[in-house]
Amino acid sequence: MNAENQGCSERLVTAAYVRQGAQGRRAHELRLRALLEQGKCPEDGWDESTIELFLHELAIMDSNNFLGNCGVGEREGRVASGLVARRHYRLIHGIGRSGDISAVQPKAAGSSLLNKLTNSVVLDVLKLAGVRTVTSCFVVPMATGMSLTLCFLTLRHKRPKAKYIIWPRIDQKSCFKSMITAGFEPVVIENMLEGDELRTDLEAVEAKIKALGAENILCVHSTTSCFAPRVPDRLEELAVICANYDIPHIVNNAYGVQSSKCMHLIQQGARVGRIDAFVQSLDKNFMVPVGGAIIAGFNESFIQEISKMYPGRASASPSLDVLITLLSLGTSGYKKLLRERKEMFSYLSSELKKLADNHNERLLDTPHNPISLAMSLKNLDETNDAAVTQLGSMLFTRQVSGARVVPCRSVQTVNNYTFKGFMSHANDYPCAYLNAASAIGIKKQDVDVFLKRLDKCLKTFRKEAKQEKSINEISDANTATEQLED
């Protein structure tokens, strides 16, 4: 309420009460002012009333919410359902313009302001999470795979002769298909087995660069967050190789923002060598619905080039979701979630090791993976993949989601590329195993329930195996007796 309206209110209600109400509103407005001036995530999270006031203020700046607005174009922010309008806080115009996802819309000052503030707040959080020298980022309304594709398409204009992408193998379809969709040929670099861990084969990467010629290579496409026993790529060494051969370097940091180790690798890689962009998912790192990602980097002009490559306007929903979430949490709330995730990783690791020991299995030694763990499944019938995958089915039917059971010999073809040992990141990993991860938002109860149900499933397998063994022994004894009588 402005001063003129406040004065009018004082003629209707006791002036002291109106002034008190105005002071209450002023407290909300001071928060909004700090956000607009600083463009940083607040230290303490905002209450819902402040966030809703802020979003309402933005919405009434958009033309579709102007009183008396007369729209005669094809895109006027008309929405048939009031429920849909309320779901989006009446921010209907989306973000960007036809030629640039980061551009300001004349019809939508509020939505444009939302877009700028979201990118600024997210940049602040990336720095807080460990990549202190990142200079630019933007939220894109696509998940990680398509966001990587956008990066590759932007590099095409810089390296028109290039047709190959060097890719240390990770068995995850979307990051592989991101290269195919962009029209490039992935050059798969098999991982090296070091103890239980699968690590980057740096010599193979450099040898392939020399064999193909640096000018024919679009980029190196590396990975941080991944399923154990694969561990984050050797980012520092890869960044140095890219700098030495003048080859771009794109990092798939899908759920790495929640890991200080993954973010440190990116920071160090940029310090000692070359990292052009790194891409991370919104849902995996900030607990929002699927559908958005952050493209970030250390060269502001290159990140702007990527944003201009996006054709047309874009949905504002991912930007709105992550901004609301970060304003609700504040930096203190987000850092608390990061600490809790790390504590739960230690707890999951220690408890899963105990369970593995009880079943004569082994927690694989993967100290370089800060999020995912793997437990061997040697005591299942490893000559029969169905017996291994049955465990995954048992867990899923018992409402355990996210656990992956990986057999030894699965083969899968993705876009005419055949991968042996698919899901294990290697042609011939030594054993079948089960994955579990400690991701942001996980609670102790989740870990305890998972371990209890896994223990029960493994006991069921052991009981069935003993029964089958007894039946086989009886059958063998009967056969031997019949042979003697004959």
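For all residues, glycine too, the Cβ spot is worked out from N, Cα and C.
Because TrEMBL annotations are produced automatically, they should be read as predictions rather than curated entries.
Summarising the annotation, TrEMBL assigns pyridoxal 5'-phosphate binding site to Arg75. For Arg75 (pyridoxal 5'-phosphate binding site), the same-chain residues that are 6 or more apart in sequence and have a Cβ closer than 8 Å to its Cβ are His93.
In sequence order, His93, Gly94, Ile95, Gly96, Arg97, Ser98, Ile101, Gln105 constitute the residues six or more apart from Arg313 (substrate binding site) in its chain with CB-CB distances below 8 Å. TrEMBL lists Arg97, Ser98, Gln105, Arg313 with the feature substrate binding site.
The tRNA binding site feature in TrEMBL is assigned to Arg271, Arg398, Lys463. With a 10 A radius on its CB, Lys463 (tRNA binding site) counts 10 other CB atoms from all the protein chains.
Contacts of Lys284 (N6-(pyridoxal phosphate)lysine) defined by a Cβ separation under 8 A and a same-chain sequence distance of 6+ are given as Ser225, Ala254, Tyr255, Gln258, Ala439, Ile440, in order along the sequence. Residues annotated as N6-(pyridoxal phosphate)lysine in TrEMBL: Lys284.
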Greatest C-beta neighbour count within 10 angstroms, which of the binding-site residues Ser98, Gln105: Gln105
Cβ-centroid neighbours of substrate site Arg97, Ser98, Gln105, Arg313, 8 Å, sequence order: Gly94, Ile95, Gly96, Gly99, Asp100, Ala103, Gly312
Greatest inter-residue Cα distance in Å for the substrate-binding set Arg97, Ser98, Gln105, Arg313: 10
